[in-house]
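Visitor: Questions regarding the structure given below will be posed in turn.
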């Protein structure tokens, strides 16, 4: 039976373009996972959008003399274009400034407040000494009072995992201007996390399939659980849905609270855009559906503790759709099944920093290099389980010595020879035991690679796919069909037929990782239709008349299936071209020079 799989992807913040470190953590792994499950025939809903509220966007707007909405509009388009060009197959990539998102966020706030899970507390708010604006917790750094780590943030210490408030930090400083923040008394609304402590602990304790760092970090976080502020003193954000705040512009819902709700609001928007307003329920109120969340390690607790607490408190909640059948009335919203957290990517041994020029933005990268080359590197050498470093030398080496030399070489030598000598899939003679064994080994890769992908072990899955491609290369080198054809055309045809069958199966195995080249290979092999695309943009008009663009795709029309090759004898091939480009080693010096130029 096909499964319902929700792929919930962290929302990139719309205060600037995204660099390759961002997509290494949230974008590429999620897309690989979603593509695999679609090929398996599962019902996938991959969702995200740009996170468009909060102080950082207002700071950019002030600097440029424009409005926060204008900044959000600009970077929503830039980020959306980048994700499209990288081939991230969202069912919907939307934004948090839509009327739909406001309505869903306010309904959840109101419901939690009415049930007593949102409380009011007097607290000390952090403000910038230079601008007077609220400083988000993550824009305040200082020394952790628990472990002494000197880059602890105002919400938590990434070194020891302690939950913090800005006032807890020793020598706190603003990341905006380096000055100590000014703390002023203010009233805020708080999510009463301790009310869910027992439920959360029991639930997380059962998630033995989570990555150990995610589970352990979450359990440690529960030890010091305390109410979490969900409002801030600012003008840019979702309005607080209580009567006394209807006409107030000085206090809004905190950006982190509305951002995680985006997973639900985006699902609801997708359903309405699809003409089936209740379709979201088959993912969110279906006990058999499984939810997978993808993000960087700095966002773990938002997805393992805070968002689950909100879902538990909301329960069956209100009614975001009509539900005419009454099937889902009283059915609670689904909790995460797995939270797939990536570590951090550095660049040339240093943290990414736009101000210091230590950065390569996605659009800049893709203007000079192929998307599949980046996707390959970020998977095979990315920060899946530990912090890793991107260097231009290693990127060029991986591209040339692995992607081009193994998979690219196999495809090129096979298709070029077959196209030249036969023009179509040749009729094979009797298969030898060696032939049969190779086909069986490659077909078995569908299970081994599939099992690894299903458990979010992307690096191991891609390594196994590359190993299988190398085995087919070894087979060709040993069988030498380019020599055999001179004396035994039938045997040569058989060898090339076996290679084509293996290449066709490997095409499917590589599709989640390398969708662009897999689609081209699909066409070179004489097939029609899409196995990996296309993506598209669509304009959506809301009830209030506003129009926004979403990234989407009609993935139901994909012809690819996670099955062994059924390549028909006699199918005409199309003239092949190399799948990948070999890079000149001078690229390394050129890119390092660009980085140096940005820094200066």
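Glycine too: its Cβ is placed from the backbone N, Cα and C atoms.
Checked Swiss-Prot, it gives:
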- 12-22: motif ''HIGH' region' (MOTIF)
- 144, 147, 157, 160: Zn(2+) binding site (BINDING)
- 351-355: motif ''KMSKS' region' (MOTIF)
- 354: ATP binding site (BINDING)
Visitor: Around the Zn(2+) site recorded as 144, 147, 157, 160, what other same-chain residues have a C-beta within 8 angstroms of the site's C-beta center?
Guide: 145, 146, 148, 149, 152, 158, 159, 161, 162
Visitor: Counting other Cβ atoms within 10 Å of each residue's Cβ, which of the binding-site residues 144, 147 comes out lowest?
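Guide: Fewest other Cβ atoms within 10 Å, among the binding-site residues 144, 147, is found for 147.
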Visitor: Expressed to the nearest Å, what is the distance separating residue 144 (Zn(2+) binding site) and the residue listed as 'ATP binding site' at their Cα atoms?
Guide: 25
Visitor: Using Cβ-Cβ distances, find the residues under 8 Å from residue 354 (ATP binding site) that belong to the same chain and are at least 6 apart in sequence, listing them in sequence order.
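Guide: Once residues fewer than 6 apart are set aside, residue 354 (ATP binding site) is near 16, 19.
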Visitor: Go through 157, 160, our binding-site residues, and report the one whose Cβ sees the most other Cβ atoms within 10 Å.
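Guide: Checking each of 157, 160, the winner is 157.
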Visitor: Counting by DSSP secondary structure, give me helix, strand and coil numbers for the motif ''HIGH' region' (12-22).
Guide: 3 helix, 2 strand, 6 coil
Visitor: Can you count helix, strand and coil residues in the motif ''KMSKS' region' (351-355) using DSSP?
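Guide: DSSP classes over the motif ''KMSKS' region' (351-355) add up to 0 helix, 1 strand, 4 coil.
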